[in-house]
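Shown next, in C-alpha cells, is the structure this report addresses.
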Amino acid sequence: MQTSEIDMSFSDLATTDYGNVLGREHFFDHSIKPLWCDMPRISGPAYTVQLATGDNLMLHSAIYNAPKGSILVVDGVDCQHAVAGGNVCAVAQRRGIKGFVIAGVIRDLEEITDMQFPVYAKGIFPVPGKKEKYTLPNTPVVCGGVTVHTGDIIVADAEGIVSIPQSQAEHVFKLAKQKWQVETNITLSQWEEQHKQKIEHALAAAKQDAANLCSEDKQREDIMTLSELQKHIKSFDHAPQLADHYFLKLIEEVGELSEAIRKGNSGQPAANQLKGSIAEELYDVLYYVCALANIHHIDLDKTHELKEQLNKMKYNR
C-alpha cells in the first residue's frame, strides 16, 4: 500500500474507530482540540517540529520544508506565545500542508477560520514568539503526551487526534476497518442484545472477582473497624476520590439502613421503603469496599451480617 493510499483510506475512519483497536498511548491529550467549528477530519503523515520556549522559528521554517499532504505536529513547549498566525497558515495551506497539530497556542483565529485551515491546538494568544532558536528538524517530538516520529500517520477530527506508527499503519487500518464493517452491518437491536450479554457477563465476572478477594480478608493480620477503614483509605494519595464516593457513602447510609431493618423487624414500614434499588446499590458498594479492603490488608468481618440483611432485602421483595 502506497503512502497516498494509506492517507486516503485513513481519513475514511473516525478516530473513535482507531480507538477500538489502539491503546491510550496513541491518542493526544484532549487539551489539543479543533479551534473552529465543523472542522473536517484530516489525515496524513506527520512532519515533526520541536520548538524552543518562546520561539517559533522552526515552525515557520517547516512550512517551506514539509512535503505536500503532510500534517505539522508541533511541540510548542508552552502557551505563553503564539507559534503561528494567519499568514503562516495561509502559506502552509497554499503549499499543500493539510493542517497543524500544536501543543501550544496560535493567533489570528478569525483569519484561520475564514480560510478553513485545520488547526488543532490548546488555544489562542495574541503575542507572537521570537525567531532565534534552532532545533533539529524531523526529530521525534512529544505532543499531547504522544511520541510522534516524522512519517507516522496522523488522524484528527472532532473526537480527538491519533498517531499511528508508520510501521504499523497498514495493519492498524485493516483492523479498524474490519471492526467498523462488523459494527455497521448489524442493527441497533442486534447491537443492544450483544451489548447486554457482554455487560451481564462482565458484571458477573467482576462481582465474582470482588467476592473472591473479600473471602480472603480473614487471612489478613491487620484488622480495622469500618471508620478506621475510611481514614486509612483516604490517606492513600491515589484513593481520595474513591473514598469520598464509596466509603463515605457507605458509612453514612449503613447506619440508616441498619436502623430501618431493625424497625422493619419490629413491624414498622421503614425497611420496606429501602428495599430494591437502595439495597442493591449498597450491596454493590459493599463488594467494592471488600475488594479494596483486601488490597490494603483490612479485615471487614463487621460487614458480613449486613450483607446477609441486604441479600434478604434484595431477593425477598
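From the backbone N, Cα and C atoms, a Cβ is placed for every residue, glycine too.
Unlike curated records, TrEMBL annotations are generated automatically.
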Using only what TrEMBL says about substrate binding by GLY85, GLY86, ASN87, VAL88, identify which of ARG41, ARG95, ARG107 is listed for that site too. ARG107
Between the Cα atoms of GLY85 (substrate binding site) and ASP108 (Mg(2+) binding site), what distance do you get, rounded to the nearest Å? 5
Using Cβ atoms only, which residues of the same chain lie under 8 Å from GLY86 (substrate binding site) while being at least 6 residues apart in sequence? ARG107, ASP108, GLU111, ILE112, MET115
Name, in the order they occur in the sequence, the residues of the same chain whose CB lies under 8 A from the CB of VAL88 (substrate binding site) and which sit 6 or more residues away. LEU59, HIS60, ILE63
Compile a sequence-ordered list of residues in the same chain as ASN87 (substrate binding site), six or more apart from it, whose Cβ lies below 8 A from its Cβ; state 'none' when nothing qualifies. ASP108
What other residues of the same chain, not counting GLY85, GLY86, ASN87, VAL88, ARG107, have a CB atom within 8 A of the CB centroid of the substrate site? ALA82, ALA84, CYS89, ALA90, ILE106, ASP108, GLU111, ILE112
